[in-house]
Structure formats: C-alpha cells, structure tokens
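Accompanying notes for the structure given below.
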Amino acid sequence: MSQTTPPAAPAPAVLGRGLPLLMALACGVTVANAYFPQAITPLIAQSLDVSDGTATTLATLTQLGYAVGIFLLVPLGDRLPRRPLITVLLAVTSLALLTAGLAPGTGLLLAAGTLVGLATVVPQILLPMAAGLVAPERRGSVIGTLQAGLIGGILLARAFGGVLGEHLGWRAPYLVAAVLTALLAVVLGAALPTTVPAVRDGYPALLADTLRMLRTERELRRSVLFQVTVFGGFSAAWTAVALLVTGPRYGMGTQAVGVLALVGAGSLFLAPSAGKWVDRYGPDRVNLWCVVAGLAAAGVLAAGALGGVVGIVALAAGLLLIDVAVQCGQVANQARIFALRPEIHSRLNTGYMTCSFLGASAGSWLGTRAYTHFGWWAVCALIALAVASALVTYVAGGGGRRITGAGEETAEENAIESAPPARSR
C-alpha cells in the first residue's frame, strides 16, 4: 500500500507561463521517436530486402516498447526526483536511436527500436509533473498545451521521417533524432524545477498500485476505454495509409505520407482550445464530440480507396478528423484523471497510457492485417468499429456529466467508488 509523504512538492505557482511551452516542445520531440518509423517502413523493407509485414513490425514493436516503458518506468515519477529521471531516460533513448540508425540488419534494428520505445516515455512523466505544478483552474489549459506538443510530435514525426527518409535514406531520421534527443537531455536537465517524490514505496509496490488503480478508480477506467478505442483507430489509419499511398493505387513515395502528416498536424492548434472546453463543459462532452469526429473520419477515409485527386483529398480530410478526435480526447481524458489525488498522478497516468498504447499497438497490427488481406475498405471499417465502441463508454458513464479540470464532481464520485487512501506504515 502507498506510503505517501506530506505535500512537500513545489506549490502550483511554480509552473509559470514559459516552462509549459518548453515542456510541450520536449513532449513533441521525444514522442516523435516512437512514430517516425511508421513513415519509413517501405524504405526499410526495400533497403534491407524484407517484406512490408516485417518492416511494419518495427513500428509495432516500437509502440509496444512504449507501452511497456510507460508501465515499468513512469511510476518512478512518483518515487524519484523527476528531473534526473527524465535526463537519464533521454540519454538512453539517444543511444538506442543511434544504434538503430547504424544497425546492419533487421535483428539489431528491431531490438534497438523496441528500446527506443521503452525509454522515450518522457512525455508521460512531464504531463503529471506539469499537472501537479499548476492550480486546478489552469490544469486543463496546461494539459492542452503539452498535448499540443505531444500530438504535434506524433503527426510531424511522420513528415520528418517521410521527407528525410525519401531524400537521405531510412537511417537519417534515426541519426538526426539521436542528436535532437541528446540536446534535449541537456536543456531539460538545466530548466526543469526540482520536485519532491510523493511516495516512499518500493518499486514492486508502485507497479502493484498501478494495477490496483485500474480496478478501483472508476474515472480512470472510463478514460482508458475512451482512449483505447479512438487511439486504436488512429493507429490503424496511420499505419495502413503508408502502405496505401506507396502501393499500386497511388504509387507515391514516403514523402507523400509526410505531406499528409503535415495536413493532419493542423489539429495540434486545437489542443489549447480543447483544454478550455474541458474546463468549461467537462471531459464527457468533449469525449462525445471526439467520437462523432472519429466516426465521420472513418466515412471520409473510405473514399481514399478511389485513388486520384479525390482519394488524396479524402485521405487528408479523414486523417485530419481522426487526429482532432485523438487530440481533443486525450486532453479530456487526462484532465479527468488528473482531477484525482495529486500524489498518485504518475501512477494514474501510467495505467492510462499503458492501456492507450497497447490499444495503439493492437490498432497498428490489426490495421496492417486488414489492409494486407482485405484492402483499405476493411481498415476504414475497423476504425469505425473501434470508435463506435467508445459510445458504450459514454452511455454507461451517464453521458454528459460535467466533471471539470478542477475535479469537483469527480472527487465526489471517486470518494465512493475508489479504495480508501492508504495509511503510512
């Protein structure tokens, strides 16, 4: 059981107006390491003389490594000082990226790619850190700012990987990312404030607490179900679209994936607004809007099977819609869970993001198989099915309850449904 310390962490006023922007940039740069491989899998397959399926395994393993890293490493944010933890993880990520960029074959590349995913979990430590350093009335806005960086990194990573890989080869994105990540380690090591660990538990107890919270925290479970479904559809779309546009229907290079990603990156400008919507209307209503956007995206994306100008326009519009759904939904979901007890923020985020990226990994795997065996129409049907299932979560939760970023109603409900706070031993 958790041994919580007195609230000795810095006061909410510690986080000023400029630091969230740096933290958002850090989120974008680091999370990009888990996503740019999706844009260069056709180049890897061609260069290393392996099948598309083998090459896309790299993207799946990187995301799977990310999910495992979130579960194993992010809880340490409640146990260890966050600044040195973040610096060490960035250094390990940089070395793994360098190894991947120099790998002579698929074996070492897959191993290094998995390690990249495992270590590049810094955004999931920065998010609860930022949430704990601001007053409740600013929480949704600050989370929105960091989410803009996070989703921007996910989307621009594909443009970065696709364009750089097209002109300089698939190794170039890995080597450039290694340098950027190393520089970021130096900057964050100097800029981040000192934080005091919230608990004194041993490492096994932290992991056990994370699993327990998935069982006892109702709002955490609801956030997980919302995000797993929508994020799974998002990952299926982006993994399969690289195969579609580089295949016989379009015959384009990986640079086309980068251009589509740039269009989708327009959604990142909605993140600060999404945070304000959550503060005003509550996360449930924002989640409903995201489900509607995701269902619309599946329908629009289906027209991408037509090819030509009409198909490309449909792909760009559909990807933008599903990017918006994931972006705004992520802000709503994390505002919901960060409205719970501050001393368990890292473990709450661990449970939430581990499940989210397991959903993303499943979406990538299913999207590739659906496209390979049945074509683009099957991918769109998979997206629609995944997103539609989020409606069950909305209806089961009473749909439309107003739970603000400050957590007024959330705190009342979780006082009933959550396990009582652990006592110090």
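The backbone N, Cα and C atoms fix where each Cβ goes, glycine too.
Per TrEMBL, the feature domain 'Major facilitator superfamily (MFS) profile' maps to 19-401. Annotation source TrEMBL lists region 'Disordered' at 406-425. Annotation comment: TrEMBL describes 58-77, 84-103, 109-135, 142-160, 172-192, 224-246, 252-274, 286-303, 374-396 as transmembrane segment.
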Key: Contacting positions for the transmembrane segment (286-303) when only residues 6+ beyond its ends and CB under 8 Å are counted   = 226, 230, 233, 237, 274, 277-278, 310-311, 314-315, 317-319, 321-322, 324-326, 328-329, 331-333, 376-377, 379-381, 383-384, 387-388, 390-391, 393-394, 399-400
Key: Candidate ranges 84-103, 109-135, 224-246, 252-274 - greatest C-beta contact count to the transmembrane segment (374-396) (under 8 angstroms)   = 224-246
Message = Checking distant contacts: for the transmembrane segment (224-246), what same-chain residues at least six beyond its ends satisfy Cβ-Cβ under 8 A?
response = 38-39, 41-42, 52, 56, 59-60, 63, 158, 214, 252-254, 256-257, 260, 287, 290-291, 294, 297-298, 301, 304, 315, 318-319, 322-323, 325-326, 329-330, 332-333, 351-352, 355-364, 366-368, 370-372, 376, 379, 382-384, 386-387, 389-390, 392-394
Message = Pairs 6 or more apart in sequence, C-beta under 8 angstroms, 3 or more of them: is that satisfied by the transmembrane segment (252-274) and the transmembrane segment (58-77)?
response = no
